[in-house]
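Engineer: Dumping the structure here so I can ask a few things about it.
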């Protein structure tokens, strides 16, 4: 009986059916029902009966391409693969749920027991302070599953207010305070009772909850936006604690959120007291004042935080792609630019000539079947006013758009142009809108999931030519699909503010880049565009908490590292290509290869940053030398650092400030500068220099070899830079790397030749 049982088991195993995917290539018929019937007929001929074919069929692929998934034995799969109309047959495979992409893309996952997440217990002892619009405490991302007691160095608490009390805090959300006095001083007519915002740490605007999720949100599985970008949402340091400081308030009459610098500075002061390890500020301003001027609360508060070992991470701003738009310029702040992910939301549009245009959208509604397509323009024989400019669609007569899909063009890089165009078209009775604009325009869902698809100018022009060459142009719009991995390339977002630094040109800003485009994270549950309390947002606001999460993990792993050492580790190990080795471009007009003014040291590489080998460190004396070099008076410096300070004569050079970058804005003949490296790797280490000089620039490093041992932990080197250019130039870029053949410690070189000043006194 046993032998017969074993024999029977082996026989059944040989005929076991498993799901296989049968790919047939491009579909041969536009009728999906016809395509499905052809699939059933193929299975019927293989299996011998209608019933067996029906039982075997799992899926019929009948819209974008032709094929099916079916339960087949190995022999059946081989037999069907031999049919001439079959491209290939592959066995089904299982994918495990992933994050909503940022952390997998950056190589930061918990699958390796020796990776950064596991080495630091996911940042459990770290406290990330979020200064923003408040928090929605009911969000799933603040669950305390698997989290231990609150860290002993925490001295903060939870402040009660409107619809918020201490019961809303837990071992994850350990602190929540609000600061409104500065805001009220500037907005005396603010109506407490009628405002949509909450006079408490609770945030009406979901921005603060969103950035808190990215930095340190707990694991929330099976999350998506209406089926797009599905997976597990979590923060960079998923067991880190979150402390929220609400400083930004919603003004109903203006429909804006504003943050008082005074409130921000007070919040930073409280956060320093409370014991946060990282401060994350996704806030920006116009860079009109010196870095430590009292009118810039962020830079001032950040200086004090940094001296107490708290790393401060700030957004570069969303005023790109124009040059010199970067904000948060203080050299003790980590300033973050935004890139795209290797993810795209492809939205196929089929024109009446069967040409398929792949647009970008976050559209999850039903397919828009072939519908009239129009570009509003004056035909020349009408007195009516028409415009194909997105911002002027409002002036068009309703009959030009009603029941149609509308094409329009915009020069604006901002998502508001998309949402307004969609609103105008919908109000006029239109069925959808195609917005042609600059590459890299921000995606967001349109009101009520109205079809609003973005294309670049080239594709927009193709569509326009089709409209003008066809008497009855039509288009079909399909729902968006998530495409991950290659061939989707990484780009610096068009909105991401660019360098060079408009105030202190020798200080490279931004420092680093991180994903900040179409990031799915938690929000309030009273917003229009969310699904189960999650929403896509874009901005350097989203890139900033990505770096804050990485900083929390690095500080957990290296508690003795200073904020400058942490920044150096992040900058010197960054990717200058994307994780697949492809070049990173900077969106704009035109698109170009990214340089340090777009992304600083490059795209953050969290795992590499854990062991940088060497760091460019900074302490109080370095910051004092910097302030002396850029012209702060001794009295101001003394007040800032809390002790009497005297600047040397002659004053030090700002080029010697020990940053993990070298930026020379006005090279005339030659200059020599100094940097100092601290060994944080093996005690006995030898590094050799490798230079990629900027075009037309000679770079000489002395010495060419650095030797570290148990007694020599810090070594300085000199860099002599000269130019061969005979005219004033723009910036050229290169790099300087110290390598021990395990670690490559790379910093960007940015040099501009200035033989004559742009402005000079003829007298």
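Backbone N, Cα and C define each Cβ position, glycine as well.
Note: TrEMBL annotation is automatic and uncurated.
According to TrEMBL, the protein carries these features:
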ACT_SITE  132  active site, charge relay system
ACT_SITE  207  active site, charge relay system
ACT_SITE  541  active site, charge relay system
DOMAIN    19-96  domain 'Inhibitor I9'
DOMAIN    123-577  domain 'Peptidase S8/S53'
DOMAIN    372-462  domain 'PA'
DOMAIN    656-751  domain 'Subtilisin-like protease fibronectin type-III'
Engineer: Could you measure between residue 541 (active site, charge relay system) and residue 207 (active site, charge relay system) for me? Cα positions, answer in whole angstrom.
Structural biologist: 9
Engineer: Whole-number Å distance between the CA of residue 132 (active site, charge relay system) and the CA of residue 207 (active site, charge relay system)?
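Structural biologist: Cα-Cα, rounded: 7 Å.
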Engineer: Using DSSP, how many residues of the domain 'Inhibitor I9' (19-96) fall into helix, strand and coil, respectively?
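Structural biologist: Grouping H, G, I as helix and E, B as strand yields 31 helix, 23 strand, 24 coil.
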Engineer: Quick one: of 132, 207, 541, which of the active-site residues has the smallest count of other CB atoms within 10 A?
Structural biologist: 207
